[in-house]
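Q: Take this structure, written in structure tokens, and hold onto it; I'll ask about it next.
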Number of protein chains: 2
Amino acid sequence: MKDIEIAQKSEMLPITQIAQKVGIKAEAIEPYGNYKAKITQTSKTADSQGKLILVTAVSPTPAGEGKSTVTIGLADALSAAGKKTMIALREPSLGPVMGAKGGATGGGYSQVLPMEDINLHFTGDMHALTTANNTLAALIDNHLQQGNELGLDPRQIVWKRVLDINDRALRHIVIGMGGKSSGVVRQDGFDITVASELMAILCLAKDLADLKARIAKILVGYTYDGQPVTVSQLGVEGAITTLLKDALKPNLVQTLEHTPTLIHGGPFANIAHGCNSVLATKTALNLADYTVTEAGFGSDLGAEKFLDIKTPVLGKTPDTIVIVATVRALKMNGGVVKTDLEQEDLPALQAGFSNLKRHIQAMSQYGVPVVVAINQFATDSQNELERLQEMCQAVGVPVEVSNAWALGSQGASKLAETVLSSCQQASSFKPLYAQNSSLEEKILTVVSKIYQAKNVVYSKKALQQLQEFKERGWDQLPVCMAKTQYSFSDDPKLLGAPKDFEIHVREFVPKLGAGFIVALTGNVLTMPGLPKKPAANGIDIDENGKITGLF
Amino acid sequence: MKDIEIAQKSEMLPITQIAQKVGIKAEAIEPYGNYKAKITQTSKTADSQGKLILVTAVSPTPAGEGKSTVTIGLADALSAAGKKTMIALREPSLGPVMGAKGGATGGGYSQVLPMEDINLHFTGDMHALTTANNTLAALIDNHLQQGNELGLDPRQIVWKRVLDINDRALRHIVIGMGGKSSGVVRQDGFDITVASELMAILCLAKDLADLKARIAKILVGYTYDGQPVTVSQLGVEGAITTLLKDALKPNLVQTLEHTPTLIHGGPFANIAHGCNSVLATKTALNLADYTVTEAGFGSDLGAEKFLDIKTPVLGKTPDTIVIVATVRALKMNGGVVKTDLEQEDLPALQAGFSNLKRHIQAMSQYGVPVVVAINQFATDSQNELERLQEMCQAVGVPVEVSNAWALGSQGASKLAETVLSSCQQASSFKPLYAQNSSLEEKILTVVSKIYQAKNVVYSKKALQQLQEFKERGWDQLPVCMAKTQYSFSDDPKLLGAPKDFEIHVREFVPKLGAGFIVALTGNVLTMPGLPKKPAANGIDIDENGKITGLF
């Protein structure tokens with residue numbers, strides 16, 4: 001059965017009932033239809049925090065890891081074991097839904113609902129971000145048009161426009177044509193909405209006041225004489241914040257098994273920090289005894305940023321880190337091509353285990369207990385599953401197979417037990433680097449400790465920027481490494497656990513509102529394209545509103 | 001007191017209670033927060049239709065007419081008189097809110113609530129339209145990129161992108177730069193979302209199936225050998241319709257006096273037909289005994305299109321047409337400049353009355369009783385108000401002063417009485433032209449009977465298109481005249497009641513999905529710009545979410 005069919009057959013509880021489960025009163029939510037709501041206030045205070053479980057994964061491959069599926073299955077299993085549990089997940093982007101990508105709401109019998117709505121417009125957060133981002137862009141170009149008091153250099157405007165659409169033709173454009181009344185001609189481009197700095201800001205803001213303060217700090221460009229210009233100089237942080245007032249409120253939905261789930265914010269895990277909003281995680285921690293959340297891509301990208309960028313703002317560190325691995329992904333890391341994945345291949349599995357091992361090493365440095373969850377696929381052989389468990393045990397890490405995709409909470413009950421006992425262990429979180437160390441020190445720490453690279457090579461431009469940022473006082477901010485998700489190195493083809501490689505920092509991008517400096521180690525595509533046969537061609541809706549072909 | 005202050009001080013009823021007033025059950029609405037809802041189904045059938053009151057106006061001037069204020073005040077007064085009343089209004093566009101424009105939710109003590117939400121993201125309809133429009137655009141450019149099987153000519157793509165933002169720099173752009181992987185280079189441009197054909201389609205669709213059928217017919221461009229290409233040839237009408245499934249449902253809100261109000265859809269009244277959705281009007285007619293609705297701009301543009309384009313789809317004609325006039329607007333039509341409006345000027349009022357008179361003549365031809373509502377401003381002198389009433393009486397039209405802005409329903413109680421008795425009169429609707437007459441005949445009819453022009457002059461291009469459309473079978477569609485709203489002529493400076501003028505048709509734009517042919521008589525700006533001091537600079541939100549400076 002397809003995911004959408006399972007979803008359409010299942011019965012949801014009214015969202016007010018889901019809210020009640022974790023003690024949210026009816027007056028503290030704003031319903032969006034009967035099965036979605038925004039949480040406007042939570043009654044508990046920050047000191048009654050539950051346990052936090054961070055789900056991450058091995059390096060992603062085209063075989064799929066099913067991180068969300070494990071997250072949902074684990075939470076459902078915790079709920080089934082009588083624990084007051086909530087999930088905090090990222091919001092899917094609509095653009096890729098029309099392209100080739102599956103949904104971002106789990107799969108099989110571990111899904112969040114209503115899956116069609118969540119994958120389409122949901123509660124409008126993405127659209128509010130698109131509007132806020134592009135309103136700021138229009139105000140910048142209007143400043144150029146109306147006399148350019150600030151002396152903004154049209155060649156040095158860094159604030160791009162966005163759409164939540166895969167539209168390669170908008171990557172590089174020329175705007176302002178058509179004569180004097182239609183703007184100043186300049187080169188520009190659109191990113192996909194989730195790549196907007198506003199998305200990262202929304203996910204790091206503690207409240208409306210913090211949101212506004214961060215927006216005021218956004219760097220929009222430079223003057224002709226090279227001075228940075230921020231939103232506060234344009235005087236429009238109030239208007240942009242106003243456009244995001246509802247988007248800032250976490251969204252409540254439910255799993256197939258009715259576990260309350262917050263889905264809120266979804267920044268990239270390369271040019272941004274890749275986790276759902278601080279507000280959603282905080283809300284879950286305040287309401288539930290166990291919060292299960294996930295970070296983007298593999299642990300080297302998503303989890304590292306969760307721990308080094310989000311955790312300091314959140315004020316709470318994980319009690320257990322779950323690394324999701326699959327036999328298939330490890331076999332691909334061990335050299336098997338996608339079409340051969342269905343055949344048992346123990347040597348390849350063994351070779352690919354090096355990748356999981358390095359993720360375990362990376363995560364173990366934070367002083368938080370680590371658990372491996374093997375997300376079972378129907379094509380995995382029993383031998384392969386057993387061998388993978390043995391290898392994990394050999395390196396001293398608790399490991400469990402999860403079959404939540406096929407069985408829901410039942411398939412993750414053992415994993416839940418293991419995670420519960422892991423959460424009782426002493427966790428003594430150690431930050432990877434000191435917040436006040438220099439940008440270079442931070443990069444070197446991430447690159448040597450997490451990636452196990454031998455050193456960092458800076459381009460001439462990056463070296464100039466390091467000097468410039470020091471002078472501007474920007475180099476005390478955390479670093480956000482933009483690297484390929486497929487490898488620990490910056491070469492997407494070096495799978496497994498590459499050795500003796502260098503990390504090349506090409507350029508820095510200051511994200512002063514989000515509060516981090518992005519280090520680009522390669523080309524990051526911030527506006528995807530559509531494939532030759534877009535998913536859109538298979539999507540349909542009948543006269544009763546029933547959708548087919550969505551996934 | 002500012003509109004936003006009145007709005008913020010008033011108490012709203014829960015939207016479920018508003019729904020109950022007109023017999024909508026709780027299960028037939030989807031709440032969006034506590035004070036907005038989408039109506040998913042109505043129980044009554046089309047034959048239990050109430051009375052329909054169409055509110056239109058004299059030619060707009062910078063002095064403001066207050067059509068929405070009168071519409072809301074009249075409906076509140078009908079409610080206060082014990083009549084089961086609903087309002088059907090257009091949705092405001094967000095773009096102009098950040099520019100210079102006031103809200104589109106009435107004013108003073110005749111407003112719809114929650115005004116901030118309605119003027120900002122509301123229930124996301126505009127954003128859904130933006131997304132659907134731009135998804136189609138991305139699919140078209142992807143078709144070019146991926147081999148161009150249909151042979152679409154990049155120079156002849158007529159489907160533009162849209163944003164709900166005033167952004168002049170996007171009017172004329174070049175896209176697809178950046179090399180082979182980033183699209184095909186071509187000239188393009190963005191319109192504001194309300195100018196999208198999808199908006200017109202949403203407002204004319206009878207149901208989901210009709211929506212999809214209309215989307216399939218949209219003309220996206222021409223092949224290299226000049227053949228039209230439609231959405232159905234791209235095979236994506238299902239996906240585009242899926243993106244609009246919720247946007248198609250009418251939105252329920254309330255007035256300050258709790259009259260149930262549907263706000264749904266808001267197409268331009270020049271390049272489109274300028275009325276709220278057929279579904280909203282139909283829903284109101286089914287639920288209430290009196291439905292008050294409005295059309296865009298003056299009667300020559302909005303009401304003409306309501307009667308000639310919307311009415312045939314709606315299957316119901318108005319029982320009374322209310323023409324809103326103000327002393328100020330007529331004085332401007334009589335030659336007074338805006339800064340001198342506060343001085344009594346009876347000769348100018350008398351001269352400007354010619355404009356109202358022509359609107360009365362235009363509307364009287366449809367066989368529907370006409371009433372004039374004088375929307376009172378604080379600066380109007382008693383002499384002026386009396387003189388205007390006398391002039392109306394002299395031409396045999398019932399007239400009442402409305403002071404709903406200052407007094408709410410009380411200020412419109414006499415107008416309500418007059419409208420009620422007008423609705424009891426025999427109304428024998430006569431269409432202006434036969435649907436199967438030729439495009440030229442339709443244009444000549446509108447131009448001679450409504451505008452009182454002496455003839456129509458076609459450009460060379462328009463003449464070629466007339467021939468082409470005949471061959472393609474498109475010339476049986478209704479005409480949608482795109483003309484300046486300031487004058488009956490196509491010259492915005494000819495105020496009052498110009499004579500002996502010609503109407504110049506420059507070009508036709510086929511809107512095959514909406515089902516009409518736009519006749520352009522001048523330059524229509526479909527992407528507004530921001531002013532030197534944008535409203536955005538005055539908008540703010542505090543840490544508790546209280547918005548200031550919105551209007």
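Cβ coordinates come from backbone N, Cα and C, glycine included.
As listed in TrEMBL for this protein:
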type    : residues                                                               : note
BINDING : A:Thr61, A:Pro62, A:Ala63, A:Gly64, A:Glu65, A:Gly66, A:Lys67, A:Ser68 : ATP binding site
Q: Write out the long-range same-chain contacts of A:Glu65 (ATP binding site), meaning residues 6 or more apart in sequence whose Cβ is under 8 Å from its Cβ.
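A: Counting only residues 6 or more apart in sequence, the Cβ neighbours of A:Glu65 (ATP binding site) under 8 Å are A:Ala57, A:Val58, A:Val324, A:Ala325, A:Thr326, A:Ala329, A:Asn375.
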Q: Non-local Cβ contacts of A:Gly66 (ATP binding site) (under 8 Å, 6 or more apart, same chain)?
A: A:Gly107, A:Val324, A:Thr326, A:Asn375, A:Trp405
Q: For A:Thr61 (ATP binding site), what is the secondary structure by DSSP, using just helix, strand and coil?
A: coil
Q: Quiz question: given the binding-site residues A:Pro62, A:Gly64, which has the greatest number of C-beta atoms lying within 10 angstroms of its own C-beta?
A: A:Gly64
Q: Within 10 Å of the Cβ of A:Ser68 (ATP binding site), how many other Cβ atoms can be counted across all chains shown?
A: 23
Q: Using all protein chains shown, find which of the binding-site residues A:Thr61, A:Ala63, A:Lys67 scores highest when you count other CB atoms within 10 A of its CB.
A: A:Lys67
